[in-house]
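Notes follow the structure.
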Amino acid sequence: MGFLQDKVVIITGAAAGIGLATATAALDEGARVFGIDLAPAPTSLQENPNFEFLRADLTDHDCPKRAVQACIAAFGQRIDGLLNVAGIADNYGSADSVTDEVWDRCLAVNLAAPVKLMREVIPIMREAGKGSIVNTSSKAGLSGASSGVAYTASKHGLIGVTKNVAWRFKTEGIRCNAISVATEMGMTGDFSLWDQAAMEAMRPIHAAHMDMGIGATIKAEEVAQTLLFLVSDLSRRVNGAVIPVDDAWSTI
């Protein structure tokens with residue numbers, strides 16, 4: 001019997017990367033997982049009877065409500081955990097160059113969507129008298145010297161939300177924690193569109209942590225283990241924490 005046996009857990013970004021690794025590991029620990037992603041459902045999990053999936057854009061105004069309703073329809077009136085893993089990068093734009101499109105999209109996916117999902121699950125958790133929410137922040141949630149202004153704002157904001165929710169609902173059995181991840185995973189796209197001057201300004205900080213030539217130093221599966229610890233009863237007294245998963249990058 002796994003340490004998440006029969007727990008119902010919602011995981012965003014479940015089609016790939018950290019989200020998929022977390023969904024896979026949660027299922028291995030006995031959880032019933034409801035995944036959400038803009039991409040198609042992962043083929044590796046489609047045959048698992050304890051996995052349900054909603055393909056949707058988290059920024060659609062009705063997506064959080066639809067997702068929670070679909071989870072309840074699949075697994076019953078119970079949500080033990082919410083893992084907000086989905087996120088997008090910006091183009092490293094600074095305050096003098098960030099476009100409205102990049103700013104709005106980054107804040108919508110990285111900050112607004114997690115908050116709106118929390119708004120939907122907290123009443124269910126409150127009724128049960130327990131629940132655990134884990135948000136995925138970043139080195140950029142702790143530092144101003146690792147990414148663009150939009151991504152930095154969104155991840156700082158998510159840490160603030162985490163602490164606010166932890167304090168507000170601590171007497172109702174609801175916990176809220178965050179991890180701060182440092183990894184190159186997901187760094188895709190047309191790099192020619194990125195703010196090259198801003199990237200150069202961040203390069204010394206990046207170089208202090210990872211060899212940019214060999215890619216990620218932290219595996220998705222390693223990040224997933226910390227997420228699962230925080231959503232599980234193993235961390236029942238951990239609340240309002242921000243745990244770095246960054247191989248000591250947060251020390252600089």
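From the backbone N, Cα and C atoms, a Cβ is placed for every residue, glycine too.
Sequence-distant contacts of the signal peptide (1-25) (same chain, at least 6 residues past either end, Cβ-Cβ under 8 Å): 31-42, 44-45, 51, 53, 58, 67-68, 71, 75-76, 78-87, 113-114, 117, 121, 136, 181, 185-186, 219-221, 223-225, 227-228, 231-234. The signal peptide annotation in Swiss-Prot covers 1-25, and the record cites sequence analysis as its basis.
As annotated by Swiss-Prot, NADP(+) binding site applies to Ile11, Asp57, Arg119, Tyr151, Lys155, with the evidence given as similarity to another entry. Around the Cβ of Lys155 (NADP(+) binding site), 28 further Cβ atoms fall within 10 Å across all displayed protein chains.
Sequence-distant neighbours of Ser137 (active site, proton donor) (same chain, 6+ residues apart, CB-CB distance under 8 A): Lys155, Leu158, Ile159, Thr162, Ala178, Ile179, Ser180, Val181, Val242. If you look up Swiss-Prot, you'll see Ser137 marked as active site, proton donor, on the strength of similarity to another entry.
Look at Tyr151 (NADP(+) binding site): DSSP puts it in a helix. Sequence-distant neighbours of Tyr151 (NADP(+) binding site) (same chain, 6+ apart, CB under 8 A from its CB) are Ala89, Asp90, Cys106, Asn110, Ser138, Ala140. Annotation comment: Swiss-Prot describes Tyr151 as active site, proton acceptor, evidence class sequence analysis.
Annotation comment: Swiss-Prot describes Lys155 as active site, lowers pKa of active site Tyr, evidence class similarity to another entry.
Across the residues the record lists as binding NADP(+) (Ile11, Asp57, Arg119, Tyr151, Lys155), the two Cα atoms farthest apart are 22 Å from each other.
Reduced to three states, the DSSP call for Ser137 (active site, proton donor) is strand.
Note: Ile11 (NADP(+) binding site) has non-local neighbours Gly19, Thr22, Ala23, Ala26, Val33, Phe34, Gly35, Ile36, Leu83, Val85, i.e. same-chain residues 6+ apart with C-beta under 8 A of its own C-beta.
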